[in-house]
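Residues annotated as domain 'Ion transport' in TrEMBL: 16-251. Annotation comment: TrEMBL describes 12-33, 53-74, 86-106, 137-167, 188-206, 226-249 as transmembrane segment.
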Amino acid sequence: DLQSPKTRIDKVLSTVEVVSTLVLVANVIWMAIATELSMQYVKMGEATPGYFFWVDLSFVIAMCVEVVTKLLLVRMDFFIGPGHRWNVFDVVLIILAAVDLLLSAANLSFVRLLRGLRAIRATRVIRTAHVVPELRLMFASVTASAASLFWAFVLLILVLFLCALGVQQTVHSRLESHGIVDMHENLLKYYGSLPRTMLSLFMAISGGTDWKSLAEPLVHISPFYILAYVLFIILTIFGLLNILTAVFVEKTSN
């Protein structure tokens, strides 16, 4: 049976997608290996082997071939058709990768920052999610709950800010009346500024640090703060965070 040009193009595109997915997975694996080996070479005071450059160049060329092939097959649909955002993202990655390779011999701070952006290339692996339905569902759920996640972040920051503000005023009054002589050794370490206080409170509810050790400098000011800290933990962990979890579940299920 004769196939229409569109059918043949779709088959070629499917083949290109399969091959590019395999190359992409290989590229991510290579990036992990190269990053680990580069760190080991630096710790031993040795230069990175030259073949690293050629392997990176091979993957960049493969990306170029993929993009050019798609562009020749679908023409303007490459920029306006389905998946055009990923296509533009690929073009940007190719440009960054090419500039990175061209300037790899330089030792400028901007170039070192650009090398740090190599990890962005690994995000292309998200494109393979459509191959696995479960992954596609998870990514769709994350996308659907993105707005809720943002407002949850805002609410959490607001709660931490208000609590930190009260703690800061207490610490300020304590230092103003007693000076730094009679204070707990970790008081300024955990509550020396408003941002540091917010960080300490966040670590208390996220498991970054044992909240008992975070509460001790405040308990040294007044035993009342052990009760205040317990209430803070209960309200945030068992109240606020559970409510936010329920909101996410509802959004993703809808």
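Every residue gets a Cβ built from N, Cα and C, even glycine.
So that I understand the layout, could you describe where these features sit and how close they are to other parts?
Long-range neighbours of the transmembrane segment (53-74) within the same chain, counting only residues 6 or more positions beyond its ends whose Cβ lies under 8 Å from a Cβ of the stretch, are 9, 12-13, 16, 19-20, 23, 26-27, 30, 34, 81, 87, 90-91, 93-94, 97-98, 101, 104.
Through the fold, the transmembrane segment (226-249) approaches residues 145, 148-149, 152, 155-156, 159, 163, 201, 204-205, 211, 214-215, 218-219 of its own chain, all at least 6 residues removed from its boundaries and within a Cβ separation under 8 Å.
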In the same chain, which residue numbers or ranges, 6 or more beyond the ends of the transmembrane segment (188-206), come under 8 angstroms Cβ to Cβ?
157, 160-161, 163-165, 167-168, 171, 180, 214-215, 217-218, 229, 232-233, 236-237, 241
So what pLDDT does the domain 'Ion transport' (16-251) average out to?
81
